[in-house]
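Reading through the structure tokens given below for one structure.
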């Protein structure tokens with residue numbers, strides 16, 4: 001009878017019509033991803049002004065840049081925090097429940113975003129160390145949001161539109177990216193007009209006004225605002241019915257919780273539910289296997305291998321592209337040489353170029369995914385995405401010299417943009433969606449956290465590795481402080497190979513389209 005009562009609750013959720021609360025839940029759950037994208041997108045050009053403010057040397061021919069180890073730390077420390085947060089909160093989400101730890105992640109993001117903008121120190125390295133400390137905890141909060149938000153949205157949604165709802169949560173990154181670009185453009189433009197400064201080549205000292213130190217701080221702190229505004233609604237979200245019914249074995253409470261926010265028919269016989277709940281707890285199901293068991297390995301080892309490897313490989317390619325995006329724009333002439341601009345003007349120019357690329361490629365890819373994921377399916381979209389990312393990377397790498405010639409620069413940008421479009425209308429979204437669907441409720445958050453942590457491990461590899469790998473093979477043409485690398489052309493070859501392996505490992509991932517979570521996880525057979 002207990003399983004019958006659970007079935008009533010779960011079936012009601014699977015066939016429920018799309019309702020207003022589903023859209024509210026998307027916004028509430030998506031704020032972590034908004035903050036994640038805002039931070040990653042903005043830090044890529046904030047590092048330029050940090051180099052100017054804290055590492056410019058008097059009499060130097062070019063403005064200051066961050067030392068390689070400092071640049072790598074700032075860009076990647078949040079990724080390390082994210083990895084730790086994904087594992088920690090993924091486990092806590094299954095152990096304590098999704099709701100109990102959901103508000104903690106948001107508050108960590110809000111506090112750490114504000115604290116990052118208030119970073120202090122008596123020396124440049126002291127400021128950078130403080131910034132890195134707060135960025136680690138910002139990443140820790142963001143990391144916790146990955147498994148919790150994906151799991152909560154998958155457990156709220158019906159089976160018909162589940163993929164679109166989870167993808168929509170992830171697509172909040174698009175709004176974070178655009179907001180980061182717009183805020184950076186507005187703030188830098190306002191300061192540039194208020195505090196006029198000549199280019200560095202004209203007057204090195206005057207090109208860096210003291211107020212430039214406020215620009216990057218304001219940009220970082222603004223990212224906390226949207227997350228702070230949603231904290232109240234996140235604290236009011238009830239525990240998901242699937243967790244309450246399947247993990248806590250309390251079908252009655254699941255019915256009560258869902259009736260508060262969704263119009264679903266969850267009426268059951270109270271007496272029977274109470275009685276069966278006690279019996280269920282006295283005689284636990286032998287099939288309730290844990291993560292480190294033979295039964296889990298038998299059922300889900302290939303699934304977990306597929307979700308971890310594809311996310312790992314995807315993020316190596318995805319984050320390495322983001323981190324040396326500025327160098328690509330400079331190489332093709334979209335961003336002038338640093339010495340021809342003042343400090344604030346440089347930030348404005350980079351933000352404008354990156355926002356344009358994001359608007360034309362990144363953001364549309366997110367919403368193409370939302371529109372088509374439940375029609376085409378996760379597996380075909382992920383396979384297609386990796387395939388086209390491979391093709392475009394090789395199309396950039398093989399005739400690389402051709403693309404560097406001035407008449408062909410626009411073609412380079414178009415192909416480069418298409419790789420981002422097919423990453424978002426492809427594996428960047430599906431690697432997030434699928435782990436929230438194919439594992440049992442009692443392990444869903446943990447397995448999603450493990451998969452996401454593998455992705456962030458790939459992001460760290462891409463972030464650290466390609467800062468060095470993309471350097472010129474000619475020691476005279478490397479950035480200050482960097483050893484010679486393998487060059488941009490060979491880096492693009494490597495990314496193409498990585499994307500190809502992502503396509504192969506996609507074959508281990510099942511297709512969740514049109515199936516209930518219990519069918520996918522095998523819980524209806526236990």
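Placement of Cβ uses the backbone N, Cα and C atoms for every residue, glycine included.
Under the heading transmembrane segment, TrEMBL lists 20-50 (among others).
In the predicted structure, the domain 'Major facilitator superfamily (MFS) profile' (25-514) carries a mean pLDDT of 86. As annotated by TrEMBL, domain 'Major facilitator superfamily (MFS) profile' applies to 25-514.
Annotated transmembrane segment per TrEMBL: 70-89 (among others), in sequence order.
Tertiary proximity for the transmembrane segment (101-120) is limited to same-chain residues at least six positions away from its ends with a CB under 8 Å from its CB atoms, namely 31-32, 35, 39, 85, 89, 92-93, 126-128, 130-131, 134-135, 137-138, 140-142, 144-145, 148, 152, 216-221, 223-224, 227-228, 230-231, 234-235, 237. Here TrEMBL flags 101-120 (among others) as transmembrane segment.
The transmembrane segment feature in TrEMBL is assigned to 164-191 (among others). For the transmembrane segment (164-191), the list of distant contacts is 22, 25-27, 29-31, 33-39, 41-42, 45-46, 149-150, 153-154, 156-157, 209, 211-212, 214-215, 218-219, 222-223, 226, 344-345, 347-348, 351-352, 354-355, 358-359, 362-363, 366-367, 369-371, 373-374, 424, 429, 432-433, 436-437: same-chain residues at least six beyond its ends, Cβ to Cβ under 8 Å.
For 214-233 (among others), the entry in TrEMBL reads transmembrane segment.
Here TrEMBL flags 356-373 (among others) as transmembrane segment. Only residues 6 or more beyond the boundaries of the transmembrane segment (356-373), in the same chain, are considered here, and those with a CB under 8 A from a CB of the stretch are 41, 163-164, 167-168, 170-171, 173-174, 177-178, 181, 325, 381, 413, 416-418, 420-426, 428-430, 433.
Taken from TrEMBL, the feature transmembrane segment applies to 379-398 (among others).
As annotated by TrEMBL, transmembrane segment applies to 410-429 (among others). Same-chain neighbours of the transmembrane segment (410-429): 167, 170-171, 174, 310-311, 314, 317-318, 321, 328, 332, 334, 357-358, 360-366, 368-369, 372-373, 381-382, 384-386, 388-389, 392-393, 395-396, 403-404, 502, 506, counting only residues six or more beyond its ends whose CB sits under 8 Å from a CB of the stretch.
According to TrEMBL, the transmembrane segment annotation covers 449-470 (among others).
If you look at the transmembrane segment (491-509), the same-chain residues 6 or more away from its ends with a CB under 8 A from one of its CBs are 302-303, 305-307, 309-310, 313-314, 316-317, 320-321, 324, 378-379, 382-383, 386-387, 389-390, 393-394, 396-397, 400, 427, 434, 466, 469-470, 485. What TrEMBL lists as transmembrane segment is 491-509 (among others).
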If you count Cβ pairs under 8 Å, which stretch among 20-50, 70-89, 379-398, 449-470 touches the transmembrane segment (214-233) the most? 20-50
Can you tell me which of 20-50, 379-398, 449-470 gets the most C-beta pairs within less than 8 Å of the transmembrane segment (70-89)? 449-470
Taking a Cβ cut-off under 8 Å, which residues six or more beyond the ends of the transmembrane segment (449-470) line up next to it in the same chain? 68, 71-72, 75-76, 79-80, 82-83, 86-91, 93, 143, 146-147, 304, 307-309, 311-320, 323-324, 327, 431-432, 435, 482-483, 485-488, 490-491, 494
May I ask for the residues of the chain that lie six or more residues beyond the transmembrane segment (20-50) and have a Cβ under 8 Å from a Cβ within it? 65-66, 71, 74-75, 78, 82, 105-106, 109, 113, 128, 135, 138, 141-142, 144-146, 149, 152-153, 156-157, 161, 165, 168-177, 179-181, 183-184, 212, 215-216, 219-220, 223-224, 226-227, 230, 233-234, 237, 261-262, 319, 322-323, 325-326, 338, 343-344, 346-347, 350-351, 354, 358
